[in-house]
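Visitor: Structure below; questions to follow.
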Amino acid sequence: MALTSELEDYSTQQLFHVLAVDDSLIDRKLLEKLLTVSSCQVTCVESGDKALEYLGLLDNLDNDSTSSSSLSSSSQQEAMKVNLIMTDFCMPGMTGYDLLKRVKQKSSWKDVPVVVMSSENVPSRINMCLEGGAEEFLLKPVQLSDVKKLQPRLLKSLNYNNNNNNASKRKAAAREPSERRPILKSLHCSVNM
């Protein structure tokens, strides 16, 4: 597959960096393993607040100057290289949807793809996340096939970051159908890949 070889060639130059956000340790470990097997660098955090802190957005939202000082400069540099954010929808405190909205509000992160995950197939929740700017909505448990389907989005994100942040390229990208995409309102879309 040409895309896989292109990704492998590119990954030798620069690893895809995924920020994985989930309050469940088991789900974080599973996601970390799937992403690592797919040649991604993974940073796992257990809450939306920790994700915002990692991205350097917590101090901007809370006007707390001590938050940014708690991150080392190497962590801040790594956060600047995040190519994809994957977040659980149901988390205590800040939901995945809340995190999505806060990330999309900030001009420095608004074009980074966000994937929302949930173990519940709730059409209104799925629509809300997709309309709120989520790149994809995945049903848990996430599988290797789901991660592989995200690789073109990662590649586009890397190309976007390397092309002086030209937002129109990512916006023009068409969404790929997926047999694991949640079913919205009894509509069945059968796709053979």
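Keep in mind that glycine also has a Cβ here, set from the backbone N, Cα and C atoms.
Sharing the record's features from TrEMBL:
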COMPBIAS  158-167  compositional bias 'Low complexity'
DOMAIN    17-155  domain 'Response regulatory'
MOD_RES   Asp88  4-aspartylphosphate
REGION    158-179  region 'Disordered'
Visitor: For the residue listed as '4-aspartylphosphate', what is the tally of other C-beta atoms lying within 10 angstroms of its C-beta?
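Guide: A 10 Å sphere around the Cβ of the residue listed as '4-aspartylphosphate' contains 24 other Cβ atoms.
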Visitor: Residue counts in helix (H, G, I), strand (E, B) and coil for the domain 'Response regulatory' (17-155), per DSSP?
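Guide: Secondary-structure composition of the domain 'Response regulatory' (17-155): 69 helix, 25 strand, 45 coil.
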